[in-house]
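Feature annotations, reproduced from Swiss-Prot:
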type	residues	note
BINDING	C220, C291, C298, C301	Zn(2+) binding site
Amino acid sequence: MAERANLVFHNKVIDGTAIKRLISRLIDRFGMAYTSHILDQVKTLGFQQATATSISLGIDDLLTIPSKGWLVQDAEQQSLILEKHHHYGNVHAVEKLRQSIEIWYATSEYLRQEMNPNFRVTDPFNPVHIMSFSGARGNASQVHQLVGMRGLMSDPQGQMIDLPIQSNLREGLSLTEYIISCYGARKGVVDTAVRTSDAGYLTRRLVEVVQHIVVRRTDCGTIRGISVSPKNRTMPERIFIQTLIGRVLADDIYMGPRCIAIRNQDIGIGLVNRFITFRTQSISIRTPFTCRSTSWICRLCYGRSPTHGDLVELGEAVGIIAGQSIGEPGTQLTLRTFHTGGVFTGGTAEHVRSPSNGKIKFNEDLVHPTRTRHGHPAFLCYIDLSVVIESEDIIHNVTIPPKSFLLVQNDQYVESEQVIAEIRAGTYTLNYKERVRKHIYSNSEGEMHWSTDVYHAPEFTYSNVHLLPKTSHLWILSGGSSRSSLVPFSLHKDQDQMNIHSLSVEQESISSLAVNNDQGRHKFFSSNFSDKKKCGIPDYSEFHRILDTGHCNLIYFASLHENSDLLAKRRRNRFIIPFQSIQEQEKELMPRSGISIEIPINGIFRRNSILAFFDDPRYRRKSSGILKYGTIGAHSIVKKEDVIEYRGVKKFKTKYQMKVDRFFFIPEEVHILPESSSIMVRNNSIIGVDTRITLNIRSQVGGLVRVERKKKSIELQIFSGDIHFPGKTDKISRHSGILIPPGRGKTNSKESKKLKNWIYVQRITPTKKKYFVLVRPVATYEIADGINLATLFPQDLFREKDNMQLRVVNYILYGNGKPVRGIFDTSIQLVRTCLVLNWDQDNKSSSVEEVRTFFVEVSTNSLIRDFLRIDLVKSQSHISYIRKRNDPSGSGLISDNGSDRINPFYYKERIQQSLSKNHGTIRTLLNRNKECQSLIILSSSNCFQMGPFNHVKYHNVIKQSIKKDPLIPIRNSLGPVGTAIQIANFYSIYHLITHNQISVTKYFQLDNLNQIFEVIKYYLMDETGRVYNPDPCSNIILNPFNLNWYFLYQNYHHNYCEETSTIISLGQFICENVCLAKNGPHLKSGQVLIVQVDSVVIRSAKPYLATPGATVHGHYGEILYEGDTLVTFIYEKSRSGDITQGLPKVEQVLEVRSIDSISLNLEKRVEGWNKRITRILGIPWGFLIGAELTIVQSRISLVNKIQKVYRSQGVQIHNRHIEIIVRQITSKVLVSEEGMSNVFLPGELIGLLRAERTGRALEEAICYRAILLGITRASLNTQSFISEASFQETARVLAKAALRGRIDWLKGLKENVVLGGMIPAGTGFKGLVHCSRQHTSILLETKKKNLYLFEGEMRDIFFHHRELFDSCISKNLHNTSERSFIGLNDS
């Protein structure tokens, strides 16, 4: 009784793990028999209490969490705001998906954490609570689904469905929720059936690998150890203790001068506590990895036997124990978890919160603005940033680590606990990322615009795939395509006034407009619209409107002045220079179109690239038709791969290079009608001219009708030509689809006269028996092998320096036999003449691979000229000159302060009159005299150059002006290339407001604005805008780009712009809900078409946001239909942590399969190590150390990975079991081919120790590298063929062994079992008999020590105050990567 009084009384909840510990202590102290008696009493007590409680479970026991309602409401509110942002174009689809998933994930997690406290407070004896938290049935996440919310589910592909299931199973699901939740339900049912067999097979393979490992010696004499440090923060204390208990020290441990533990001493709980309290230096322990033999293990490297708490006995079959103990919990592991699905784990970042209210300050030069992955604006800091928060009485300093996002602005007031920064999740956490492509489809049809320069993807110069350089909007301007031929095109927008006559406009009026076909963008110019009144368009010149059909962007200019010239239109990186004067234009209605110069984005031309092209008007067709090649050898320029890869992308245009002389064009009339339209003619019928085809379309030619149904439309073709019903004797009936040259044809015996032109013969079979032949007229085009350059350019152009050459090459734009389709009555260009740039390589001095081109703007004496300059570059050097600040030759508007305002981020240099100093040819693009206008090439490298600001003196000025006025657009181009235009009568009632309103009013006072403008006769136009003669009775011309010059009437200016900062400009894109006037209406999103004194006309458009690196499909100005792919985003998402979990994960690690294509593949890491170390250390040492290091590294990481999976499921396995198995996987090396040795064959797998020993014995380097074998491969690569054959592939293994004459020494357990011998383990182990005296003395010592260590432990039998054995593994454990072994300590 006296003894009992000394015992400490404990009163706490005890769970499974704690009971295990209790039992092991009891056995240590009292022995087996006594312990079993105690446990019987515990069992009886347990059943008795359970009977008395009588737990039953009903639906009423499922109590919903009260806070759920407002949590869900809050999340819905956030999603709604997000949806709005997406609609306004502030956030793109990927950001929206990410954010909504994180919103719901956080809500669901929060509910889950609320659940436990809620039960504890309201109903601690709730059966659901008791069951799940005692571990009897169900786990937290299942209970969460019953009483919280089911949360996010994943679809069968493992992708998230961003519609969360808000209800729980207690409330019941709606139909949609039920269907979504069925995706994941199947897995749970299948799991249980499959799980047992999987776990069994895993156990079998594990045992197979390690069955021969038996404890054969007491000490192998190794001096190695693996060091573990108690100071290491990455490892929780509990895991540290688990790692140490039961191990044997590899080295003495000193505390200052005093030795507190000696080598080969095994570690008990007392020693561990001492280590922790003393915070000793790193502790070196022996593990199965350090044991010096491969086929067995020694007692000291293994440590204590878990069964009876003593050093393991000799002859113990520890291999099989290890295999069993890893395989057995496999049945408890889930195969997959079905509750969270593929949540973006690792997606939520850590936050830094503000410690108190106050103003926040930081150095703005250390951060730069960016977007977070949710599309919010933020600052990114590269280095540690110290942030000061000043509250009234105290100043806080917060340091923000590098690569974090700062979510607040400088000098902003922050509340206490407000999130001020987001720390990027560290890269060390092994979140496997995968790259996902997401396509965004357009939901309306219309014309595509983008508000930034979109770069071409370099490989596909001729395709329509573009890469975005920076964040910008893509706009789909609404408007359908109406392809009728009677109504030429609808010139009317909603609410335009309209004359009744205008519908019956004759087609000539349109053909008389000069047409310029610039890649699907058709601009119609006419020199003077008022002349055309006779033609029946009476009303447009009176309207002062810009008429813009939604789809085709036909732009009309009303009453331009006679002397104004239409100048270089600029489109992304292409210029068109008109070549003839206006007088010519009036004589010849179809003018020659301009030469377009194409410059790549970076301005670098490779050899043989196309510099410019010219569309010859002789190869223009009005009608649709089919193109056939004659004697042309054509080869496609676009490589095959490009075409194949982008087959999904629409409208891929190939160019064919022409070798020879002629091709043919077979005209036909084509109408593309919507599906619903009723067609009044039958297929294969013959109609005359002007027949009604549908309600409002009449045919223009007579002939045969073919009707073809396409996906969303009907294509109706009318073939003109003669129809012949051939007799039986006619040979022509056999020819179908051939061209017949003139002079040969006998189409009919009656008409034997010779044909004048080529004809095309086509055989048509309306029914099976009848057929006839259609003879169609053909237009023949001859192609000169190269137009003489002199016809295109003046001769003085070619003063070639550095052997620059230009060749003229013709390209056919359509393939052989391809149908050529025109939209409306625009003409179609069949052949394009290109200038190909080349240069000589002969000079050794000019080993030039590429040339640089720039558009250069020169202003001389208030005249501004543009030049194209080509530089031969040898190196990538980039010289830029800083222009002089005070430049006397500044023209009026561009005063020396104003010049850098026009395009704030690029500066121009001025060349004064002293042009003669520069060598090289300079020719102006636009001479003022109308006769000669020429293209310029400067080919000297000592000219001048424009570059973006890097270190320019007035950098700060611009920075400040940006702060004052955020309206400045930052252009991403090679600098402003503008054109000069003469202005006749400039009225002074206009204000000319540039981008930067503030700076204008600062530099030119408004009162003297008027006279400035009267003086100037020329002024600069920005590259993106054009200002034409702005007198009030003419229209303001719409340009598809933002006009950077705003014309506002005086009163209009007051109404709108003083109150708000928004200035409406023509062509500007406006997002939805931008407030223009103080109490004006909220606008829909769109493009401003017309600005009048009191009104604005906006064409509706839908913005899509795209971030850098996204791929844009389609061309600028191209017509897109509903459902076409607009953009493809490539984004990284973390692999959801629980798609492969549990068993499959363990199996993946043990079989060494790569986890994902972009995983941190261990084998690759291993190879890298080997190569690097060999390079550093030379051959023999390199291989030895390289293989050693790799193996050590990969072993530690494998053990950690496997432990992580088991711990996350709450299963405790001792590290040493996993170590024994990992040791077998990593114990082989692969002989490599370098430095062939005579001993082993290349590609042979040998044991690491054997390789080392052989290397030492031969004194010759054996080249090998470490390799990870999976458990299956390791079982088939053992020393015993009998064991291999009994595992898998019996016939193959036995046949090979017979061929090689292998000998099996019957060392393992399995071979002996198969052959019925004595098993070499336990009592059958021979070594048990000879047990030397030295060993016995060691045994006795260790026994004594153990007794000493265990003595004082009964008093804290329910564990000391640290609650070491806290069974409930915290959630965090799942996420922290435990580095159980810190390094290799080779003492």
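Note that Cβ sites are derived from N, Cα and C of the backbone, with glycine treated the same way.
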Under 8 Å by Cβ from C220 (Zn(2+) binding site), same chain, sequence gap 6 or more: C291, R292, S293, C298, L300, C301
Secondary-structure category, per DSSP, in which C298 (Zn(2+) binding site) falls: strand
Residue among binding-site residues C291, C301 with least C-beta crowding, 10 angstrom cut-off: C291
Packing count at C298 (Zn(2+) binding site) (other Cβ atoms within 10 Å of its Cβ): 23
Three-state secondary structure, which DSSP defines for C291 (Zn(2+) binding site): coil
Sorted by sequence, non-C220, C291, C298, C301 residues with Cβ within 8 Å of centre, Zn(2+): R217, D219, T222, R286, P288, T290, R292, S293, I297, R299, L300, Y302
C220 (Zn(2+) binding site): secondary structure state under DSSP, collapsed to three categories: coil
